[in-house]
Amino acid sequence: MTTDTIVAQATAPGRGGVGIIRISGDKATDVAMAVLGHLPKPRYADYCDFKNASGQVIDQGIALFFKGPNSFTGEDVLELQGHGGQIVLDMLIKRVLEVEGIRIAKPGEFSEQAFMNDKLDLTQAEAIADLIDATSEQAAKSALQSLQGEFSKEVHELVDQVTHLRLYVEAAIDFPDEEVDFLSDGKIANALYKIIDKLSVVQASAKQGSIIREGMKVVIAGRPNAGKSSLLNALAGKESAIVTEIAGTTRDVLREHIHLDGMPLHIIDTAGLRDTTDTVEQIGIERAWNEINSADRVLFMVDGTTTDAVDPHDIWPDFIDRLPANLGVTVVRNKADLTGENLAMTEEKGYSVYRISAKTGLGVEELKQHLKSLMGYQSNLEGGFIARRRHLEALDVAASHLQLGKEQLEIYLAGELLAEELRMAQLALSEITGRFTSDDLLGKIFSSFCIGK
């Protein structure tokens, strides 16, 4: 870890009412003496002159000094809050850099220092960037929950439970005569099952948090002329796609990024799925399946004038059978203005079925509410947290090792192999909070932060 003292502008570049310069490190006190002529009382606002090396006043403002470790970074921190003109702030940074041993901070380096000094774990540090980058109220609330340690708490509890069970298993291994009795008495199995169940709950919450942060990818799929492009236009609120009566009008993937009450939604319109000899249409259909395979949700668009069926297995079994196993599907029966169907949503064998008219807008608002619900929208979000793709991947790895450990226990009563799977699960979970994380990953994470954060 570097011991350099760093400086950067903490407020956004450009013109503003207030501009803040942040200094962190051992030389922060030297900067205070050079620029202010004195060291402010820790944690007190001090109105004073900011001076250059000749004693001329550069600006006037508030100086705040935080004595380490009682600061955001865990080091001595000095903040100079002056007027927000960029020229003035640049002059002030230039003055600070005249003090020996000071350099400009790299992106995210203040947060990295806080992480290295155990002021934040990795999920909390990431939550700072997520809070700044939040594009909706839901995302901001969830990022704040993560910053306050909600996600970390869940992960730490899992790590503690896995560690405790691992120690119990390894203790049994140390007494080989009793090992089989230990492994078969049910206590280890029950503890393992509880951990797997808890991890499943955390995975579901993290998946929801990832959708809130990154948005949900929804693919509209179905046969040609079912009204897919009309639905895209209805959801987007504009004419994004060309709509005609000619089957196969859409031959490529069309994308729209919208917000439903602040929740980010990525809508993908695809070519109608059918057997065709048209080379261009075949390429479009291949791209459609690529989008479907990476979707968070599929809206299975059905022309209601062609079938009365509501169970997707009855409507088009080959399509449903080809979908990824865990991909959620919502059946959308279109052209309700022609069929006269009741617009009420129904559940059919685990599938939500909506009746709409993409052309007239009938039922589209109810479908939007459904999508918001899938994304975890709540008017008053409590207890949720934000998550990133790397968190989901780490949770998946941990779950995989726990399942392998379960097999070693139930089938082979293999204590050493169970202990190894528990160790691997522990490592995967610890990567989330940064307890065991490679330097390359840390560099990648913090380099995506703003300078000054």
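Glycine is no exception: its Cβ is also placed from the backbone N, Cα and C atoms.
Features of the protein shown, as given by Swiss-Prot:
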type	residues	note
BINDING	ARG22, GLU79, LYS119, LYS453	(6S)-5-formyl-5,6,7,8-tetrahydrofolate binding site
BINDING	225-230, 244-250, 269-272, 334-337	GTP binding site
BINDING	ASN225, THR244, ILE246, THR249	K(+) binding site
BINDING	SER229, THR250	Mg(2+) binding site
DOMAIN	215-376	domain 'TrmE-type G'
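Separation of the C-alpha atoms of LYS228 (GTP binding site) and LYS119 ((6S)-5-formyl-5,6,7,8-tetrahydrofolate binding site): 50 Å, rounded to the nearest whole number. Only SER229, of the binding-site residues ARG22, GLU79, LYS119, SER229, have a C-alpha within 10 angstroms of the C-alpha of ALA271 (GTP binding site). For the binding-site residues shown (ASN225, SER229), fewest C-beta neighbours within 10 angstroms: ASN225. Looking only at the binding-site residues ARG22, LYS119, LYS228, LYS335, the densest Cβ neighbourhood within 10 Å occurs at LYS228. When Cα-Cα distances from LYS335 (GTP binding site) are compared across the binding-site residues ARG22, GLU79, LYS119, SER229, the shortest belongs to SER229. LYS119 ((6S)-5-formyl-5,6,7,8-tetrahydrofolate binding site) and SER229 (Mg(2+) binding site) are 50 Å apart (CA-CA, integer value). Here LYS119 ((6S)-5-formyl-5,6,7,8-tetrahydrofolate binding site) is positioned 57 angstrom away from ASN225 (GTP binding site), judged by their C-alpha atoms. For GLU79 ((6S)-5-formyl-5,6,7,8-tetrahydrofolate binding site), the same-chain residues lying six or more positions away in sequence with a CB closer than 8 A to its CB are ALA10, ILE20, ILE21, ARG22, ILE23, ALA63, LEU64, PHE65, PHE66.
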